[in-house]
Every structure is written in structure tokens, then in C-alpha cells.
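> First, the structure itself, so that you have it in front of you.
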Amino acid sequence: MTELEQQIQGFLGLLKEISLLEETDALLGWDALTGMPEDSSEHRSEVTSYIAGLAFEKSVSKSMADYLAYLSQHQEELNSELKKMVEIVQKNYDLNHKIPQAEYQEFIKVISQADSSWRKARDAQDFTIFEPSLAKIIAFKKKFIEYWHKDEKTPYDVLLNQYEPGMTVEILDAVFTELREGIQEIVKKINENGTTPTTDFLSRYISIENQRAFSIKVIEKMGYRFTAGRLDDTTHPFMESMNRNDARITTRWDEHNFKMAVFGIIHEAGHGIYEQNIAERFDYTPLRGGVSMGIHESQSLFYEIVMGSDKNFWQDNYELLQSYSEGKLDDIDFETFYKGLHKTAPSLIRIEADTLTYPLHIIIRYEIEKLIFNEGVSVSDLPQIWNEKYQEYLGITPENDTVGILQDVHWSGGSFGYFPSYALGFMYAAQLQHSMAQELDLAAIYKTGNYEPIRQWLTDNIHQYGSLKEPNELIKNATGEPLNPRYLLALQDKIYQEVYHY
């Protein structure tokens, strides 16, 4: 065995050790949110802290530093997959090492205190209670940007790049402007000429047992494998992937709102299908998971929004839903049902927004984050800016801070640069569907009830690559062009014209 081969073997062995610890931590995290006894939370936090600490120590160890130094000097002798592994590990190593330990520990302390002040502020409907904590978090993030900055054009680009590699303010400004104007034009058409659909049937009683049975049948048709996953109950739905053979999904239920659970399960199954179809050769390496938040959201939203909004999809599945509704939907014809699913109205709360207006909520947050990090806007001015943008973009103004600037937990955890990934997922999903439709007869596929060709196309173009390819490369290879918001606007226009007849 050559010296290079020994170094590669040692590097991959260390990566496997880290991967096994991370899988253990993920499993403990899933359990904590699905079935852990309440009294065990304090003990569990010690266990997870220990496991996560071991993984972190290995990722920043001298052994890791030595492997990275050696392999970086032998880049020309590595294949493309090993080069990518070294690149990802080096990036994470640098991020972890560039912040002085004392500063990072102080930041963690501020974050833990911020969650409490955020909750108190929400209860009191008063942003000023949270303001001091938020100001400290932003100050830390600005300092960290100085440590992390390489060749990014703006400070906010540094944060964007952590969630969506290669994404910049320059790109987002262009696509978000086009997206915002296009959505507002559709909303205008609906308000001026639309016929509002009937929706009262959406609150009719359907048992949890029947909602579960229907949802399981649907996501199995979509390609979610229960031999490599499971469905459990939780408060806030999520997908947790330990590895490609164990991608678990969760949901919450409301017997008078079947739409919430059904679409929520489809959404999480989309995340799971992505993870279940990543190439086996990436096991135990940094390539084993989805490449970015935006691409991951594109897969969940492809199933939830693109497939879930397709009339042909529901023509294939509505009778099945009726059979599980115990007669509650027997008097609702298909057209009434389909249109009712797609009623749109402006909402103050992001997570309650409909498919059409949801991206506007994300654009508002993006523009505010950009003001914070690129323009230095005062933290005390943020509630007013928030309210003004909601009035400008959605025509509504929050009556208090709890339904306004305090509604999301992200900023209290320091997650700046995260929000754009949600809107990117919408746009990626629609663009992928447009290209898929050039190769597959989607209407015919839905009529057969066998959706395997759709899953296979997504695996061939997205899933299998894991984190090997950057988001922009994946999208360009799959669709022949970079990110383009026109496909989402065309999809939205098609859906809502059919529903509202504007």
C-alpha cells in the first residue's frame, strides 16, 4: 500500500467514526421528539452533548488536520469524489477553527438565553424584550463574518453560502424581484376577477387512523420506502435521516383538518425519498446527505406542491381519499375538492401561508436580513420595517409583534441566511418539473397510479449525487439552465387560473 493509499484509508476511517457518532446523535434527537419520556430530558441532554462533543473533537483533531494537509498537497492524485470530501471537510474545519473558542462559547451562551427572551417577548407581544438578545446575536454574527469571509462580495453572501453553496445576493436580488412581481400580478388578477372556491368541507371530520392509512398509501406510491423509514407522531413535523436506509418522517394530526397532515406527510416523505436514494458508495462520508437546504426543500416541495397541486394526481387519488373519509366527502365532487385545496388569501403567519403567497414571506425576511448585514440597519427599527414590507407585499399589517417580527424562531438561534432556502426550494422544484415534463408524460403516469418513473428521474438527476455536486451544478445539469423563477410563476399561474378562472 502506497503512502497516499494509507492516508486515504485513514481519512475515510476517521470520517466513518464521525459519521457513526452523528448517526447516533441523530437517532437520539429523533427519539427526543417522538417518544422520549418527559423526565429523561436532562439526562438525555448529557448523552447527546457527549456524543456530539466526540464527533466535534474528531472533526477538529490533529489527525484530521494532518490528513487534510497531506491530501490537499496531493489533489491531482485524488478522484473527483475524494476531492469533494476533502473540500467539504476542510470548509467545516476552517469554520470551526477560525472563531476563537472563548468567543464561540459566549455566543452559545447568548443563544441559549435568547430563546427564553424570544418566548417571553412573544407572550408579551413586545419586541423590545427580545431586542437586546437579538442585537447581541447580530453583533456576534457580524464578527464571525469577518473570520469566515473569503472572496464573497457582501457580508450577507458569507451567511447565504453556508446554507446554499454558491448562492449570492446578486443572484437572489434578480430572481426574487421577478418572483415577487409575478406573484403580485397573479394575486391582482385573482382579486379583480377571481371566483372564490368553496372550502368548508376541508374541516370535516376524518379520523387520524384513516388519515394515516391514506397518507401511507400515497407516499408509498410516490416512492417512500417503509423498509428504510417509518412514520411517527410529533409536535413539529420533520424528517430525520440516520443514513440512506433509515430516513424517518413525522407528522401531527387534526381530525378536522386532513389537509394539514396529508400534505405535511407528503412534504416530509419528499425529504425522505431524497435521502433514501443517495448512492451507496457515499455511506459514512460527507457526501452521504443532501447537498443544501434549498435542494432538500426542492425535493419535499416537488412532492407536496408540484405533484400535490397537479389535477391529474388528485384525479388518481381522490376516490381513495373518499374511501377513507367514511362518507364525509361523498357529496363533494372532484372539481369542488380540487379547487378548495387551492384557496389563496394573504396571511400574517409564514407557516400558515398558502402556496401562492408563501414566497413573499420569504422575500420579506431575505430583504430584512440583507438590510441588517449589508446596510447596518438598527435592530430597533426592524419591527417597523417588517410591518411596512408586509403592507407593501401582502396588503396586511401585523396588529402586534407576535404575529409580526417575533413569529419565527430562526433569528433567536442565529440562523441568518437560512430563509432564502425555502423560496429556492419552490423555484428549483418547478424548474425540475418543467424539464421532467420534456422527457416524461406526467399526465399518463398519474393515470396509471405508478409514479416510479418520476422518482427514478429525480434520483437520476438529483438524489443519487448526495453532496457531490453543488446546487447550481445540479440544477443546470438537470434542466439545462441556471435557477429561473419563470417556471414557478408559470406553474402558479396555471394552478390558480384553473381554480379562480381569472
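Any Cβ shown, glycine's included, is placed from N, Cα and C.
According to TrEMBL, the active site, proton donor/acceptor annotation covers E268. Among the features that TrEMBL reports, Zn(2+) binding site is placed at H267, H271, E297.
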> Hey, for the Zn(2+) site built from H267, H271, E297, who else sits with CB inside 8 A of the CB center?
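Leaving out the recorded residues gives M239, E268, G270, H296, Q299, S300, L301, Y303, E304, G425.
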> In sequence order, what residues of the same chain, 6+ apart, have a Cβ less than 8 Å from the Cβ of H267 (Zn(2+) binding site)?
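P237, S300, L301, Y303, E304 - these are the non-local Cβ neighbours of H267 (Zn(2+) binding site), listed in sequence order.
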> Same-chain residues six or more away whose CB lies under 8 A from the CB of E297 (Zn(2+) binding site)?
S421, Y422, L424, G425, F426, Y428, A429
> Go through E268, H271, our recorded positions, and report the one whose Cβ sees the most other Cβ atoms within 10 Å.
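Of the recorded positions E268, H271, the highest Cβ count within 10 Å belongs to E268.
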